[in-house]
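Heads up: the structure comes next, in structure tokens.
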Amino acid sequence: MNAVTSANNNTDNRRLRLDVVSIFPEYLDPLRHALLGKAIEDGYLEVGVHDLRDWATGGHKAVDDTPYGGGPGMVMKPEVWGPALDDVAAGRVAGWELESATPHRNVARHDELAGVDKHAYEGEDADLPLLLVPTPAGKPFTQADAQAWSNENHIVFACGRYEGIDQRVIEDARNRYRVREVSIGDYVLIGGEVAVLVIAEAVVRLIPGVLGNRRSHEEDSFSDGLLEGPSYTKPRTWRGLDVPEVLFSGNHARVDRWRRDQALLRTQRVRPELLDAVELTTEDRKVLGLD
């Protein structure tokens, strides 16, 4: 990869370190493109990618073995994963540092958003790095998780393959990490790398300063518990379809109310269960036909 040099626009010196351990490190190349690449370039993000096979021994560098108790597939070995996570937690391995894929114009950024506290369960040391293990058996990943994790200093991803990682690795890792097993949906992927790309993008875009306009994520789907409503741009009429007139009214209160109504109606139609956690006003209830 070609090195990219640019001015550092991160004036508050706040930086998130991501380390990813995988048997397919090349799969993580998208982490250096687009918004994440810009975050690397501007000094908000550092990414290290580590090949799990670097900790494997023997001629074949095997990282998996047959499961105890029988059954299909292979399980990833603890004697490979354990040392890998030990070294990454301690910073004893340099890894493959991702550089921004494309140079950008150096435009100063300003953002007033305050971070949120690190998330730690009772009895956990909040100063330990956060270990995320993508697995369909994990807790569903949410926007609230992304917001909380955007305030972390160091996140490590352990990408499983085959039938997953020996569970003892997860249990042992709690001595050095705050561990979260997390799922990005009710489906099964070939490995954890895709989930890493999803989670990393959701988290990094919420770091103050990464997005140029704070409203870009304040008005996201799920930021207020609702799905985001429709968006429109030029031309005003396209293939016989018109942009709603209210958007040309110049009345910000009317526009905000319309957007709220559209978000409510879309949520009711697509994800009605989300409304249970939303504090609805009298006007909201009228829009939804609940009064």
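Glycine is treated like the rest: Cβ placed from N, Cα and C.
With Ile184, Gly185, Asp186, Tyr187, Val188, Leu189 listed by Swiss-Prot as binding S-adenosyl-L-methionine, the candidate from Gly160, Gly225, Gly229 annotated for that site turns out to be Gly160.
The number of other Cβ atoms within 10 Å of the Cβ belonging to Tyr187 (S-adenosyl-L-methionine binding site), over all protein chains shown, comes to 7.
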